[in-house]
Amino acid sequence: MERSLELGNVTRVQEFVLLGLSMSPETREVLFAVFLTLYLLTLLENALIVFLVCSHTELHKPMYFFLGNLSCLEMCYVSVTMPSLLVGLWMGPYHVPFTACMTQLFFFITLICTECTLLASMAYDRYVAICRPLHYPLLMQPQVCLGLAGTSWLGGLLVSVAKTVCIASLSYCGPNVLNHFFCDVSPLLNLSCTHVALTELVDFLSAIIILWGSLLVAIASYVAIGRAVLHMPSAAARCKAFSTCASHLVVVGIFYSAALFIYARPSRIEAMDLNKVLSVVYTVATPMCNPVIYCLRNREVQAAFRRALRGS
């Protein structure tokens with residue numbers, strides 16, 4: 001389980017044990033079938049959205065461009081976390097090499113930070129569409145959309161590099177049991193036997209820049225949208241404007257509520273069972289529900305889906 005390396009007087013942990021969702025074997029078998037179904041359904045839903053956005057010119061709009069990016073992200077996101085959850089449900093607690101754990105952590109941080117900034121970009125898109133409709137074609141040109149999406153992915157990548165390097169450079173002397181179903185920041189910090197002040201500072205700064213920064217952009221956008229909607233002359237116009245934002249607002253609320261509780265503070269989280277429950281919300285439930293909330297109830301997407309079925 002451990003291989004000793006002489007680094008002064010420190011014994012380095014070379015693998016971790018993921019406890020997963022610890023429970024009876026019978027319950028794990030049922031949950032394995034449930035989560036496998038949810039995983040495949042999530043991949044199918046998001047792949048469908050990407051296909052529709054790419055193949056139908058009427059969906060070549062900024063809103064659907066960002067939704068396509070989000071769907072690509074969600075497919076990567078669930079493919080980073082769900083396989084380890086499924087392995088844990090199938091096998092029970094299992095061993096993960098140190099390098100594999102850090103690799104999973106790197107991709108997970110990249111994707112969660114990218115999602116934060118993508119959600120903020122989508123909120124800004126809705127702000128421009130409702131509050132400055134005459135300037136929308138100019139302010140949301142394809143180059144601007146590409147820049148916002150590219151910045152989201154690049155920002156997530158850079159933050160992930162910094163955080164992963166800091167966490168990987170810590171000393172893990174044992175025990176090596178992670179009370180989680182994937183390699184996450186908080187359970188890894190709990191196992192470190194060295195001073196984690198620098199790592200927690202990096203975690204804190206990244207939370208301010210990415211998490212709080214993108215949340216403030218989303219809040220500011222929706223405050224402006226709310227004021228604009230209240231000043232619209234007719235109830236029909238207000239309902240139409242609100243309907244274009246309601247789905248995004250729901251997803252933002254669910255995602256940020258869970259993410260802020262876990263990641264917004266730089267301290268180690270001790271309530272790991274609650275941490276695992278909240279992690280299931282934004283690593284399993286949110287990616288599965290996003291296509292339904294965002295697109296599959298959208299009339300333009302429904303029309304494109306019907307045309308795709310007729311064309312096949």
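Backbone N, Cα and C define each Cβ position, glycine as well.
According to TrEMBL:
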TRANSMEM  30-54  transmembrane segment
DOMAIN    45-294  domain 'G-protein coupled receptors family 1 profile'
TRANSMEM  66-92  transmembrane segment
TRANSMEM  104-124  transmembrane segment
TRANSMEM  145-172  transmembrane segment
TRANSMEM  204-225  transmembrane segment
TRANSMEM  246-265  transmembrane segment
TRANSMEM  277-296  transmembrane segment
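Counted over residue pairs 6 or more apart, the CB atoms of the transmembrane segment (30-54) and the transmembrane segment (277-296) come under 8 Å in at least three pairs, which marks the two as touching. Highest Cβ contact count with the transmembrane segment (104-124) among the listed stretches 145-172, 204-225, 246-265, 277-296 falls to 145-172 (criterion: pairs under 8 Å).
Scored by C-beta pairs under 8 angstroms, the transmembrane segment (246-265) has its highest count with 277-296, from the stretches 145-172, 204-225, 277-296. Tertiary proximity for the transmembrane segment (204-225) is limited to same-chain residues at least six positions away from its ends with a CB under 8 Å from its CB atoms, namely 113, 116-117, 119-120, 123-124, 126-127, 130-131, 155-156, 159, 162-163, 241, 245, 249, 252, 256, 259-260, 263-266. Panel annotation: around the transmembrane segment (145-172), residues 7, 10, 12-13, 16, 62, 65-66, 69, 98, 102, 105-107, 109-118, 121, 124, 185, 188-189, 191-194, 196, 198-199, 202-203, 206, 209-210 of the same chain, lying at least six beyond its termini, place a Cβ under 8 Å from a Cβ of the stretch. The average pLDDT computed for the domain 'G-protein coupled receptors family 1 profile' (45-294) is 86.
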